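Notes follow the structure.
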Amino acid sequence: MHGFSYKNGSLFCEDVDLSTLAAEHGTPLYVYSAGTIIDHYTRLDAALDGVDHEVAYAVKANSNLSVLRLLATKGAGFDIVSGGELFRVIKAGGDPAHCTFAGVGKTRDEIVYALEQGIYSFNVESEEELRYLDKVAGELGMIAPAAVRVNPNVDAKTHKYISTGKSENKFGVDFTAIEELYERASKELPNIRLRGLQMHIGSQLTSISPFIEAVEKVTPLVLTLKEKHGIEFWSIGGGIGIIYKESLESGAVDWWESQPLEERPLTISRYGEELVPRLKGLGLKILLEPGRLIVGNSGVLLTKCLFEKRGSAKTFKIVDAGMNDLIRPALYEGHHEIVPLSEPPTGERFKVDVVGPICESGDFFCQDRLLPDFQPGDYIALMSAGAYGFAMASNYNSRPLPAEILVEGGTATVIRKRQTLDDVIAGEL
Ligand SMILES: Cc1ncc(COP(=O)(O)O)c(C=O)c1O
Ligand SMILES: N[C@@H](CCCC[NH3+])C(=O)O
């Protein structure tokens, strides 16, 4: 499904008019479609039918408690990357026994907390970390369930900042060093239970081939580890890319799924069709760690145009959202479609930069893009902002964090209040 469409000239999220929400709650404002989140989760889960599997949603993409609760009620597990994310999952009613804990730099406090909560597995990224985990578990008289993250040295063909599966990236342990590490760990680390193997080659992959390459490369290793060390799961990570361009017109997932195979290098169904036959005979539980795929297309950031500034070189549309609210364009030149909340009467387009109020030249949402006309006072939507949107927002320039709203059919619920100025300085002495 696609949660966003024009009805009678106004952009709606499911059955809620976004202009009404913007006027009522102010901007910048994040709005999520619950139906889209559930639809994407359910589709991915179904695409892996035939394989013993679990979808462990990557909390980092969007960690709002209500989003986590929604996914927990659908049976999702969770991939966390900090003690804070585990705290959120527990608060949202998620089960720690279905949590995996990723990340290259877990602290003692985080390890203790996760051990006490009984998480499913620590996904460990170095021998040093594995030895430290063994030590902390020993001190508590506990056994730590663990998997090592293998770095398969596969090119994910994505932006260099979000590629994680090459030897030069900081993530995981070299493919060639894993077997010996498991040997050593089984002999020397009595407080570790080697439970699985993990990998994650990068984010926003738009082609199936790196996934296939990584799965085929790592399969013999995982089978050896199963035979020698009795591992029971293989997490193949997340990384499935979404449609950012024309995400409104195309109807996102539905549209892509309806295209001929050669036109859709990566869709949920293609992912399942290619990977299920490769994974089903392994006798291992397969974990997936999708973040962006579940929530990316489900969210928009609404913002109001404050001024139009015509310079000698460019026309700037200055809006009330900034890079502190959505940093992806500044950080990765990430593309977010920009559409007015009131459907433009004509197809006429004007070349503009849409920029925020922050004191940085990188504070833009698009540059030299042809957009329909909108004027000061009008609202626009930055599409596909549900993943790594609010989750990466900050108080830079002492700007309060925006509110978040979850739409379910005709009901809109505030799931995070807009910060006040007092909230911004809270905790300062
Ligand atoms: C270990 C791990 N798992 C899962 C994810 C989720 O990635 P994505 O949102 O691209 O699915 C990430 C982020 O890239 C990650 O680092
Ligand atoms: N935050 C990034 C993706 C990184 C994923 C986390 N490993 C993005 O917005 O595209």
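Glycine too: its Cβ is placed from the backbone N, Cα and C atoms.
Residues GLU289, PRO290, GLY291, ARG292, TYR388 are recorded by TrEMBL as pyridoxal 5'-phosphate binders, and the candidate that the same record lists for that site, out of GLY202, GLY230, GLY239, is GLY239. Among the binding-site residues GLY239, GLU289, ARG328, the residues whose Cβ lies under 6 Å from any atom of ligand 2 are, in sequence order, ARG328. Only GLY239, PRO290, GLY291, ARG292, in sequence order, out of the binding-site residues GLY239, PRO290, GLY291, ARG292, ARG328, TYR388 have a CB under 6 Å from ligand 1. If you compare Cα positions, PRO290 (pyridoxal 5'-phosphate binding site) sits closest to LYS60 out of the recorded positions LYS60, ARG328, TYR332, CYS359, GLU360. In this record, pyridoxal 5'-phosphate is bound by GLY239, GLU289, PRO290, GLY291, ARG292, TYR388; the longest C-alpha to C-alpha distance in that set is 15 Å.
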